[in-house]
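*Asks:* Take this structure first; my questions come after.
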Amino acid sequence: MIIILKGGRVIDPRNRRDEDADIWMEDGQIIAPQETVPEDAKIYDLAGKWVVPGLIDMHVHLRDPGEEYKESIVTGTDAAAAGGFTAVACMPNTDPVNDTGSVTRYILEKSEGAAARVYPVGALSEGLKGESLAEYADMKHAGAVALTDDGNPVVSSQLMRRAMEYAKSHDMLVISHSEEPTLSKRGCMNEGLVATRLGLKGIPAVAESIMVQREIALAGLTGARLHIAHVSCIESLAAIRDAKKRGLPVTAETAPHYFSLTDDAVIGYDTHAKMNPPLRTEEHRQAIRQALADGTLDVIATDHAPHSIVEKEVTFEYAANGIVGLETSLGLSLALVRDGVLTPSRLVELMSSVPAQILSVAGGELGVGAIADVTVIDPELEHTFLIAEGRSRGANSPFDGWKLKGAATLTFVAGEESYCR
């Protein structure tokens with residue numbers, strides 16, 4: 001059956017389109033509009049809506065296998081579809097760790113029929129221990145799209161060098177969790193005035209940036225493709241900007257909480273505002289916003305990290321790091337468009353086109369013959385995010401009760417409706 005998305009604003013930066021137009025879909029692909037509309041065609045009237053390539057979140061923790069009490073592939077992809085995402089890349093810090101082809105295959109088999117596509121990311125080191133390399137060829141053959149020890153830094157520079165060399169030989173992307181652990185040890189929020197007032201041990205921005213600089217140096221040495229995860233500070237941005245000027249194969253992401261919140265959110269010892277890297281000051285927040293606009297940062301990803309209530313309802317120092325983000329990312333990111341920081345086309349690049357290119361996966365465009373992964377957005381829809389009504393099992397969000405403007409109203413995966421608001 002032909003599906004017609006009629007009269008929406010089609011924003012497709014890869015094909016340089018930003019115009020009111022119709023999108024036709026059939027058999028899981030985008031097709032060229034026909035002269036006559038078939039009688040059995042399903043038509044959606046989307047006047048006033050944006051029609052964009054399906055959003056892709058390249059940094060998600062689905063917690064499956066092993067920690068399904070926090071999240072599962074089913075609940076995580078349900079939350080993704082509700083947030084407008086047609087695909088997610090899931091991190092390997094599961095139980096067991098995704099460091100073999102068998103775990104990669106389990107994830108892909110369990111994700112069949114899910115509300116969004118799932119792209120497994122394999123571990124850089126066995127067990128995420130940073131001691132020996134994992135089986136890259138085995139994981140790639142099974143379907144892994146990239147490699148990372150996310151959640152843990154690779155402390156050994158020698159091991160990271162070998163990891164990049166091995167990854168390059170298999171044409172695999174390396175994603176870095178950039179953290180110098182001797183500088184961040186026992187820290188639980190940004191080092192600064194707020195931490196001093198609260199009596200909490202801080203984590204300096206240099207704990208992130210010094211490792212970003214190391215990773216960039218090793219990428220230059222090895223020629224490996226490097227992606228810096230969850231960038232939070234000015235110093236990291238400077239290093240990334242310089243790497244790009246030198247033509248190194250380096251890309252980077254940030255998350256909505258880093259351009260929406262500051263470390264003031266921790267006042268009151270709110271554990272829902274605890275994540276790693278931590279929220280920084282207003283100066284860093286503004287720099288992140290500018291870096292999204294000028295191309296220093298390539299991707300908006302959520303770092304969706306669900307936890308159970310008991311893991312957050314403890315004293316701040318002992319609370320788990322991370323927040324859920326799949327259902328708030330789009331609304332928070334659209335604020336950058338309203339503020340004049342981003343154009344709608346640039347936002348689609350950051351949340352769809354560029355993630356697809358970095359991960360070397362299908363999607364990120366609406367050209368004829370492309371997969372029919374499509375997100376429909378109502379940029380004017382005002383709504384209040386309530387964590388109790390969310391689809392994720394995680395209840396850890398500092399945005400609970402926030403009034404947001406703009407949301408996904410329809411999500412299509414391979415031409416099939418996976419979410420309707």
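Glycine is no exception: its Cβ is also placed from the backbone N, Cα and C atoms.
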*Asks:* Starting from the Zn(2+) 1 binding annotation in Swiss-Prot that includes His59, His61, Asp150, which of Asp303, Asp339, Asp373, Asp378 is the extra site residue?
*Replies:* Asp303
*Asks:* Kindly point out which candidate in His284, His307 is recorded by Swiss-Prot as part of the substrate site with His61, Leu62, Arg63, Asn93, Asn276.
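*Replies:* Looking at His284, His307, the one Swiss-Prot places in the substrate site next to His61, Leu62, Arg63, Asn93, Asn276 is His307.
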*Asks:* Write down the one residue from His141, His230, His257 that Swiss-Prot lists together with Asp150, His177 as binding Zn(2+) 2.
*Replies:* His230
*Asks:* Sorry to bug you, but what's the C-alpha spacing from His177 (Zn(2+) 2 binding site) to Asp150 (Zn(2+) 1 binding site), rounded to the closest Å?
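*Replies:* Each residue's Cα considered, Asp150 (Zn(2+) 1 binding site) and His177 (Zn(2+) 2 binding site) end up 5 Å apart.
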*Asks:* Which one is closest to Leu62 (substrate binding site) in space, judged by CA to CA distance, out of the recorded positions His177, His230, Asp303?
*Replies:* Asp303
*Asks:* Let me know how many other Cβ atoms fall within 10 Å of the Cβ of His59 (Zn(2+) 1 binding site).
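*Replies:* A 10 Å sphere around the Cβ of His59 (Zn(2+) 1 binding site) contains 27 other Cβ atoms.
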*Asks:* Please give me the CB contact count at 10 A for Arg63 (substrate binding site), counting all chains in the structure.
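*Replies:* There are 26 such Cβ atoms around Arg63 (substrate binding site).
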*Asks:* Do me a favour and check the Cα-Cα span between His307 (substrate binding site) and His177 (Zn(2+) 2 binding site); whole Å is fine.
*Replies:* 19
*Asks:* Of His61, His177, the binding-site residues given in the record, which has the fewest other CB atoms within 10 A of its CB?
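*Replies:* Each of the binding-site residues His61, His177 was scored by Cβ atoms within 10 Å; lowest is His177.
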